[in-house]
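Student: Dropping a structure here in structure tokens format, bear with me for questions.
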């Protein structure tokens with residue numbers, strides 16, 4: 001008996017929660033103009049709980065009749081209000097059905113799930129203005145990118161075989177595609193972080209978020225911006241340093257998530273490189289504060305399917321070359337490949353090394369190779385800046401790259 005009353009109380013509370021949101025939304029309407037308020041939703045939630053209890057004895061047909069009755073009531077209310085107000089939204093009608101279903105679920109042995117779902121429903125209903133505003137700001141490229149990312153992760157990924165294939169058994173299609181989805185998702189989040197923060201919020205935030213999306217893209221953007229604008233070079237250098245520091249944190253995060261053992265080897269060196277980057281950037285900021293010309297970073301496209309497919313092919317190629325290099329040249333081959341691959345980016349070689357470290361590759365070798373790839377990438381950024389911009393920006397980034405190389409060399413020497 002106590003259980004029954006508790007279940008009905010939760011059903012009633014579900015209606016109360018959703019009714020509070022609906023009642024607040026319609027609070028300015030005159031009495032008699034509102035189709036449903038707190039009391040109506042509470043009664044619908046309670047009705048769902050009662051019919052669920054009756055269904056235990058009389059069968060599920062009771063639940064069907066109950067939801068049919070709620071549907072008829074909500075449809076009638078919709079037609080009446082639509083005729084008089086010329087407003088054709090059916091949100092409240094959907095809330096009717098959700099309240100009944102959650103009230104029934106609460107009395108059917110799922111009170112926690114029903115309560116949690118009621119909170120989600122209330123939040124979704126309450127965020128109308130924010131969701132509409134976000135939808136208006138969403139451009140077509142971002143919508144297509146989101147759909148493509150879901151296709152890669154939800155449709156394609158489960159279809160791929162999760163076993164080693166190809167020459168030397170070096171390529172696991174499922175694993176490689178999962179890495180593609182991971183990196184694409186990180187870039188996608190970084191893009192929207194920049195959009196939410198706004199590209200004009202300052203170089204500190206822009207640099208950090210730009211590193212989450214793509215530090216190479218930010219470096220190219222800033223280097224091009226700095227051509228012919230020497231006054232902006234100090235702040236541009238700070239942005240590139242912050243973006244590179246964020247890359248070290250990003251690599252730390254996904255290495256520890258995918259391979260905790262390798263993560264333990266890389267956590268101290270990668271964190272020290274990130275802190276060094278942030279410290280140099282902050283010192284430069286403090287020394288140049290008051291005479292800095294702010295650059296503008298445009299977010300660009302959040303995600304490109306072509307780029308994701310290219311990354312997957314590069315990752316498969318690096319996985320194959322890594323296995324071949326290890327068998328033909330041992331440690332030297334792995335280190336050489338890491339340096340070459342790092343020129344274009346650290347993600348592909350790092351993910352390949354994570355995969356190899358779970359097999360025959362020693363953790364220490366994998367950790368050293370990741371650090372060499374990161375050092376190689378830093379040198380490449382300095383070369384790009386020198387080629388595209390030059391001036392004090394190139395000198396600052398070159399000195400920063402030398403500092404990173406020095407610290408990286410110490411860590412590579414110290415890892416057994």
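Numbers run from 1 along the shown chain.
Cβ coordinates come from backbone N, Cα and C, glycine included.
Computed from a predicted structure; not experimentally measured.
OK, TrEMBL features for this one:
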- 8-133: domain 'MgtC/SapB/SrpB/YhiD N-terminal' (DOMAIN)
- 181-387: domain 'DUF4010' (DOMAIN)
- 6-24: transmembrane segment (TRANSMEM)
- 61-81: transmembrane segment (TRANSMEM)
- 113-131: transmembrane segment (TRANSMEM)
- 143-161: transmembrane segment (TRANSMEM)
- 176-196: transmembrane segment (TRANSMEM)
- 203-223: transmembrane segment (TRANSMEM)
- 235-255: transmembrane segment (TRANSMEM)
- 262-285: transmembrane segment (TRANSMEM)
- 305-322: transmembrane segment (TRANSMEM)
- 334-357: transmembrane segment (TRANSMEM)
- 369-390: transmembrane segment (TRANSMEM)
- 397-415: transmembrane segment (TRANSMEM)
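Looking at the shown structure, can you explain where the listed features end up?
Tutor: Per DSSP, the secondary structure of the domain 'MgtC/SapB/SrpB/YhiD N-terminal' (8-133) breaks down as 103 helix, 0 strand, 23 coil.
Outside the transmembrane segment (6-24) by six or more residues, the chain places 34, 36-46, 48-50, 52-53, 92, 95, 98-99, 102-104, 106-107, 111, 114-115, 118-119, 121-122, 125-126 with a CB less than 8 A from a CB of the stretch.
Residues 10-11, 13-14, 17-18, 20-22, 24-25, 91, 95, 98-99, 102-103, 105-106 of the same chain lie 6 or more positions beyond the ends of the transmembrane segment (113-131) yet place their CB under 8 Å from a CB of it.
Long-range neighbours of the transmembrane segment (143-161) within the same chain, counting only residues 6 or more positions beyond its ends whose Cβ lies under 8 Å from a Cβ of the stretch, are 173-174, 177-178, 180-181, 184-185, 188, 301-305, 308.
For the transmembrane segment (235-255), same-chain residues at least 6 beyond its ends with a Cβ under 8 Å from one of its own Cβ atoms are 182, 186, 203-204, 206-212, 215, 218-219, 222-223, 225-226, 262-263, 266-267, 270-271, 273-278, 280-281, 284-285, 288, 292-295, 297, 346-347, 350, 354, 370, 374, 377-378, 381, 385, 392-393, 396-397, 400, 404.
If you look at the transmembrane segment (262-285), the same-chain residues 6 or more away from its ends with a CB under 8 A from one of its CBs are 204, 207, 234, 237-238, 241-242, 244-246, 248-249, 251-252, 255-256, 292, 353-354, 357, 363-364, 366-367, 370-371, 374, 396, 400, 403-404, 407-408, 411, 415.
Beyond the ends of the transmembrane segment (305-322), by six or more residues, the same chain brings 148, 152, 166-168, 170-172, 176-177, 179-180, 183-184, 334, 337, 341, 344, 347-349, 351-353, 355-356 to within a C-beta distance below 8 angstroms of the stretch.
Here the transmembrane segment (397-415) has Cβ contacts under 8 Å with residues 237, 240-241, 244, 265, 268-269, 272-273, 276-277, 280, 364, 367-368, 371-372, 374-375, 378-379, 381-382, 385-386 of the same chain, all six or more residues outside its ends.
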